[in-house]
């Protein structure tokens, strides 16, 4: 009798006890460990960008109506640095061409600069939309891009195409405000805008195509101020050198930018110069910086620039590019973004300021005064 009871509770047979124990362990284990169905659900959840997307709660985009937010995100309204990179070559060429222009006034230069900035803002947005349309099947696999409007399904490709067409028409409207010859120089750039996203699939150097695209403004400033490139050999040489310098600059800064996506690019099969030269990036950056400054100097020489340009524009480019290449941490995503974002203003702003001071020096006859002093100074006997 005593063996049949423990604390007045009936015992179970060993078989029943073993079965109950297994059920208890299984239940306890399932309560703490996810089932295969749960794991699959979590996997799908993490693969779907929509489940992780959070609308902006601060900044310019957050203040827009909710239905406008995907369109603002599509044109990167919250990341204006791309507009600055597109605008700087325009202002470089405008200021470099100004002393060569027959009747360029300060008011005309300011108006031309304003039109270029408006055009850069519109066309940069159109370029981003075209890029996202091409990359809509790649973006969901890259951490930095998986929340973009088309990738997460907030905008359909048809909506994006319609919006892009509207932007291109607006860009054409801006282009028509310039002299007629600008139209013939500006239209070919559209071909480059549409081909860059494709280059990422076929070559390790898509940044070169991006450079050819983003640097187009380095040509546009000359015809915008009435300088005929085909009739003025010096202006043509200067524009070609400035354009090539800006291409080198674009490849340089976008190589830093590409380092933010190296791991995801490998998985997604996206090609870039950062992947091709991952282990000697800083040597490549140094070579690009030297090329950029050398070509910038050639542009100044052929345009007849004075010492203010070489000290201000070329000197500031040497310093800012050198510091950036020395300081940037290519394995640190946040650090790469900081230098990409701020290096634009450091280098681009320095070059533009040097060009502005050079224009003012020539406009007010500073160089002529210096030359006259040298001519009238007594020669040693």
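Even glycines carry a Cβ here, placed using N, Cα and C.
Listed in TrEMBL:
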REGION    1-50  region 'Disordered'
COMPBIAS  10-21  compositional bias 'Polar residues'
COMPBIAS  32-41  compositional bias 'Low complexity'
TRANSMEM  84-102  transmembrane segment
TRANSMEM  114-134  transmembrane segment
TRANSMEM  208-227  transmembrane segment
TRANSMEM  239-262  transmembrane segment
TRANSMEM  283-302  transmembrane segment
TRANSMEM  308-326  transmembrane segment
TRANSMEM  338-357  transmembrane segment
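Below 8 angstroms of C-beta separation, residues 74-77, 82-84, 86-87, 90-91, 94, 148-151, 157, 160-161, 163-164, 167-168, 170-171, 174-175, 177-178, 193-194, 196-198, 213, 217, 220-221, 224 of the same chain, each at least six residues beyond the ends of the transmembrane segment (114-134), sit close to that stretch.
Only residues 6 or more beyond the boundaries of the transmembrane segment (338-357), in the same chain, are considered here, and those with a CB under 8 A from a CB of the stretch are 81, 84-85, 88, 91-92, 95-96, 249, 253, 256-257, 296, 308-309, 311-317, 319-321, 323-324, 327-328. Counting Cβ pairs under 8 Å to the transmembrane segment (283-302), the stretch among 84-102, 208-227, 239-262, 308-326 with the most such contacts is 239-262. Within the same chain, residues 85, 88-89, 92-93, 96-97, 142-145, 207-208, 210-212, 214-219, 222, 229, 270, 272-275, 277-278, 281, 284-285, 288-289, 291-296, 298-299, 302, 321, 324, 328, 330-331, 333, 336-337, 339-340, 343-344, 347 sit at least 6 positions outside the transmembrane segment (239-262) and bring their C-beta atoms closer than 8 Å to a C-beta of that stretch. Packing against the transmembrane segment (208-227) from elsewhere in the chain are residues 85-98, 100-104, 108-109, 112, 115-116, 120, 127, 178-179, 181-182, 185-186, 189, 192-193, 195-196, 199, 235, 238-239, 242-243, 245-251, 254: each is 6 or more residues past its ends and has a CB under 8 Å from a CB in it.
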